[in-house]
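The structure under discussion appears below in the form of C-alpha cells.
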Ligand code: CA
C-alpha cells in the first residue's frame, strides 16, 4: 500500500517539526506549508490524504482554507489550534473540517485523530452508506445490520431515536460530532436547533450504557461543541 500523505499547514516551526517527526515515524509521507497560500497550492498540486491545519496563519485565517478546499475536495481536515474558543472550533467543523485538536496535544492523541479521520474518509469511499461490520469498544458491540446494541453480552434496549444517535456516533467513532450535525442527522434537516432534546436523550443513553454516567467510557462530551464516541477497536 502506498504511504498516506499528510499535509501540515502550520507557521510555528517547532510544532511543524514535532508533528512531522511523529508522522514520519508512523510511516506517513509528510508535506509542509508555512502559510495559507502555500497550503492551498499543495492541496491542489499534491492531493494529500489528510490535512492538519493551524487556524492562525500569517497570511490568512485557516477557516478560509477550509472554505476554499471544501468547494472541490473532501480530503479530511483536522484543525490544529491553540485557540480554545469553542465557537471557533464549531465554526471550523461547520465549514467542513472533520475534527480538531487543541495545542498542546500528545502524540497518541494526534495519531488517534488522524486514524479516525482517515478511516472515516475511506469508509465513505468504499462502503457508501452501509456499515456491515459491527462497532466494538470495550464491552460494547453495536451490530448495525441487526440494529442491536450489547454490552457485556447483554442486549441494551434503546428507543429508535436513541439508537439513531448511538449509531451515528459509532459510524463516526473517534471524531467529534457537533450538536448541529447530530440534530440534523437524527431529526432531519428541519430539526430544532435547541440542544435540549439531544441532552435529554444523551442522559438516557448514558444511563443505559455507562457504568457511571458522570464518567463516561463510550460517549464523551466535548463541552460547547458536541460528542465523540470512543474509537472503534476493530479497525486496523
Ligand atoms: Ca499559527
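The count begins at 1 with the first shown residue.
Backbone N, Cα and C define each Cβ position, glycine as well.
Unlike curated entries, TrEMBL annotations are predicted automatically.
The feature domain 'Response regulatory' is assigned by TrEMBL to 5-118. Per TrEMBL, the feature 4-aspartylphosphate maps to 54. Taken from TrEMBL, the feature domain 'OmpR/PhoB-type' applies to 132-231. Positions annotated as DNA-binding region by TrEMBL: 132-231.
Within 10 Å of the C-beta atom of residue 54 (4-aspartylphosphate) sit 25 other C-beta atoms, taking all shown protein chains into account. The DSSP breakdown of the domain 'OmpR/PhoB-type' (132-231), given as helix, strand and coil counts, is 35 helix, 24 strand, 41 coil.
DSSP places the residues of the domain 'Response regulatory' (5-118) in helix, strand and coil in these numbers: 54 helix, 26 strand, 34 coil.
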